[in-house]
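Q: There's a structure below that I have some questions on.
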Amino acid sequence: MSINGNAAASKLYISDVTLRDGSHAIRHQYSVPQVRQIALALDEARVDSIEVAHGDGLQGSSFNYGFGAHTDVEWIEAVADVVKHAKIATLLLPGIGTVHDLQAAYNAGARIVRVATHCTEADVSRQHIELARKLDMDTVGFLMMSHMSSPQALAEQAKLMESYGATCCYVVDSGGAMNMNDVRDRVLALREVLQPETAIGIHAHHNLSLGVANSIVAVEAGAIRVDASLAGMGAGAGNAPLEVFIAAAERMGWQHGTDLYRLMDAADDIVRPLQDRPVRVDRETLALGYAGVYSSFLRHAEAAGHKYGLKTVDILVELGKRRMVGGQEDMIVDVALDLAQQTTT
């Protein structure tokens, strides 16, 4: 098997997101001991990086997105205390987190930052990417909801991030809405316009049960960094399950550098028991992928459905029709109120 025409000797970069995207699955309530335990297990399994933050990135703890059990800095410091191999990553959404928050995360131990914008708004990432480069951080551009942009338009946005200083750009399937052709086309489009030394990453969600398949196709098209989480812990139906992707990569003959059995143990013994709502494809999470809705809307939509006596699926489908994107969580209640009014008239 080859990776984008190169020998399979190309080692994949395994980026774990259990302690960031996975935070959505438990409404950002990781305790410090839990964070340490998960980080230690991941480090012992030799993943390349461990992303740590509120589910919505630095300073995501808020009324709009949900308050975290701890601050981002507390979580990052907890991971820094135990990891010996993996680099600590964090996520920053311009407009939620600031350059000051990025500096604080760096001081706490983060050495990688993924600067995340909606797939058409890369221009708002400039000052954050430039600061990250000044701090000598591994600087990544993260284009959320990539399914809402054509491959060529997405590539243009990635090129902007590269021009600001990003050394890696991600195709991000925030809604778990893409199929394998969608992913392949976008990765190939990025590879065509980015400099050869600029890496490409894939961040998949499992809402259509395609998280692992999409990650494999992305690697075949030229992606080298792969996001995944233990037991798929993440928003919606979760991310590509890390232990499943690694098993598949092993079968493909790809080098990944991790310990599959340690990952399997960590997924089942440590992470899965934390889920107060099973992270799986079900009626509600399938609706996310089918309607192309931001995966972290799930728990908010469930709460609104319960409050206003509505089906969560109806709320999610309407959000998809209105093309709501990450950062518009406040509109979930507006949509619920509109639907509730329609049922009474």
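Here, residue 1 is simply the first one shown, and the rest follow in order.
Here the Cβ of each residue, glycine as well, is placed from N, Cα and C on the backbone.
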Q: Taking Asp16, Asp21 as the options, which does Swiss-Prot list with His203, His205 at the Mn(2+) site?
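A: Answer, per Swiss-Prot (Mn(2+) site with His203, His205), from Asp16, Asp21: Asp21.
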Q: Where Swiss-Prot shows Arg20, Asp21, Ser174, His203 binding substrate, which of Tyr294, Tyr308 is named for the same site?
A: Tyr294
Q: Let me know the largest Cα to Cα distance in Å among the substrate-binding residues Arg20, Asp21, Ser174, His203, Tyr294, as an integer.
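A: That value is 15 Å for the farthest Cα pair.
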Q: Looking only at Arg20, His24, His203, His205, the recorded positions on record, which one has the least crowded Cβ, with the fewest other Cβ atoms within 10 Å?
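A: Output over recorded positions Arg20, His24, His203, His205: least Cβ neighbours within 10 Å is His24.
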Q: Please list, in sequence order, every residue of the chain apart from Arg20, Asp21, Ser174, His203, Tyr294 whose Cβ lies within 8 Å of the Cβ centroid of the substrate site.
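A: Along the chain, the qualifying residues are Val17, His24, Gly55, Met144, Val172, His205, Gly234, Ala235, Asn239, Ser295, Ser296.
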